[in-house]
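One structure is given here, and the rest of the page talks about it.
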């Protein structure tokens, strides 16, 4: 027990208070550090001793062969073993005042196995279709992994974009629309941040298959976020991704309201991230994938729950013996937390710790524990029960100041247990309760209507069964504080300046302070210095200056004049006139295809009558920009609470808001109305730029510019294409259901070539058909050439080039010729092609392989297609020239020329014979010069007057020119030779 000691006094000591507790630990199975340390440290006097429990059972630290040891309060596990050391650990700290138990902390073994070594099958997908590459992560703990993919080699990572997405839930790679650039080998990388380890899967080959034309596919959601439970304060991410061609656009909505302000759409729309989730963020969320071929959507719920949090918890305290006391704990959370109690580390079967007539045995360390499925929180406190005779050692009766005509309380707070009886005296007079003097139950003395006669020395007497004591203090009576200049009611406009007067008289021996409040909230003159300022006009003047008054500054202002003894207040109202407040409750009460009737409730007029309302709208096509709406009547008067918005577009999503105006300005807009879709109507806009023509044989191609989506006016939108020959009366009609279609190709065997047709196009939807476009004149496709070019000939020019020629076709509508060629040992599918103008009948083939036979065919073509191919013609390219350059063997000056000689180049059996040599004589730094041909193995070149010159020598064959030998710049030594020759001549 305690004998009149103060709590937390180092002399009397105190029970354990945790400063460090164990935390959940994941030990990597491959960790090089073969130990786990669980921390535990408590402040206590006398110092605490420590024990540890595993899954509720005390650990025997002294057992032979134990892996456990204690370092201070920390538990060290040496050579951790998964079969022995996994579980829930708790630390117990004990001293003479009691025991406390730490929060539980788990030990788990983290691992990330290798991917399966089985070879991954190739994935074959047509271009334009979507693909899913499965990651199939290996066994692991903990569950959280992050995923990336590489293409062909590390570190070429796949960067997610609108077309490609990596799910951080499954690890799968999704490609909405495959194209030829996606060909390659893919590997999934799974990383565990808890154990800092990553593993790679075997490569998955992706083989896009060519398809012409590439087909389009409707949006198909493949990644769909599940029903999700989030905790208050957490960040969560919802994922959605769709396959489709064109690449679908992802949109996010909250079914039962607007998306929270704390949301962010990331990863090109595929992720909805919610920051710092709150209860109001719960609800049903929807992701919608849309492309021109269709749409898909998915909904799921987000439920918000909460970790336990203390609303009220226990604190260390001291209580008198035989007194009553209740320890109370209250916790919030979702689900509601369950409360349980521990005393000195042992469970106590009570919902509330209620004591009547405390005894010394009730002293100890108490713990209140609140838990739900999301977690556990602890509150620790020490209860001490004590008894002692009264003592004023630590809290004597103090000197007190009182205001004249006011009220004063002189406290008497001795330390005593059990509770003592109290009595008071003034000077030598014993006091008793009267109409003006009261002795409270806790010993305090209250005096009402204080006068100067109440000044004097007051003594408090305290007595219990353990003894008695007294303490004396003085009471001084001061002049009371009075308001001499009170603030008055004021009326101002927004933006003006004004002031509130306040002055007071007070006892001159005391300091006075003025405090201003607005509607009960104290004004912080530092934080609000932009609008509030105290004037400095004497210590007894508290005038408040209000600058650039705003609507928020209206209300009741209270001036409090305060001294250390008393305070007095005076109040006045400030009326601020300004633009109207925002209207409320905007809702739709009626709608048609082109109009909507709105209703709203009036906002505050801010003391100036509302003169008019402005209606604004935002539709699904306006890029989040608000525009002024047209109304009927045109002017919406200030007393109106309803109007009709006209000139709207049918079958369009709209939001509306209302803005009020008065003589002082325009107010803030209302909150937007719920989204409303106008009714459907038949289209009124026709496609534009109708035309066409050309195409394949026996085809009529009709083209147009599609109608913009805002003019669809209803679902099931499409086009009706009408056409007829110029000389006929009856129109043929065809429906095209794709709203993004730009062309229609009519195929029929009886369509004559190059025939004039009239064409027109109009839109339709579920409500009917719109007007036709202007009629356009187009021509049906011409026939493809029906004859093949004759007398195809080819001749090899060198080892890498050949010429091809043919007899021209007499066909009038010929666009050109296609020359196709391939090696005779290859398939025709590996052929190269060259397009040649119809005005030419020959071409040159280049970059061929030396000494190789090629097959060549020629066919004519026009916009209707290709004609039949010619007979195949074969040509053999020349043998290649020698790959060895001539070797320079001599360089001699002869008069005004220089002679250069080289060795004969001998060709190999598979190389062309030497027909001569080519010598290029050029200035250094230039690519052109003088080219000489010679059959000899030397050449005389003229000496030129200035500059450095280079000579290049190469062998020439029917297969082309061979490798080059370069004679470097020779002018410097040549000049030296000429100089020597000149000097010798002079000497001679």
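Using the three backbone atoms N, Cα and C, a Cβ is placed for every residue, glycine included.
According to TrEMBL, the domain 'Ig-like' annotation covers 16-108, 113-200, 218-303, 308-384, 390-476, 481-569. Taken from TrEMBL, the feature domain 'Fibronectin type-III' covers 582-681, 686-783, 788-880, 882-975.
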Just give the helix, strand and coil counts over the domain 'Ig-like' (308-384), going by DSSP. 3 helix, 48 strand, 26 coil
State, in range form, which of 16-108, 390-476, 481-569, 882-975 has the highest count of Cβ pairs under 8 Å to the domain 'Ig-like' (308-384). 16-108
Over the domain 'Ig-like' (16-108), what is the model's average pLDDT? 94
Composition by DSSP (helix, strand, coil) of residues within the domain 'Ig-like' (16-108): 4 helix, 52 strand, 37 coil
What does DSSP give as the helix, strand and coil breakdown of the domain 'Ig-like' (113-200)? 3 helix, 35 strand, 50 coil
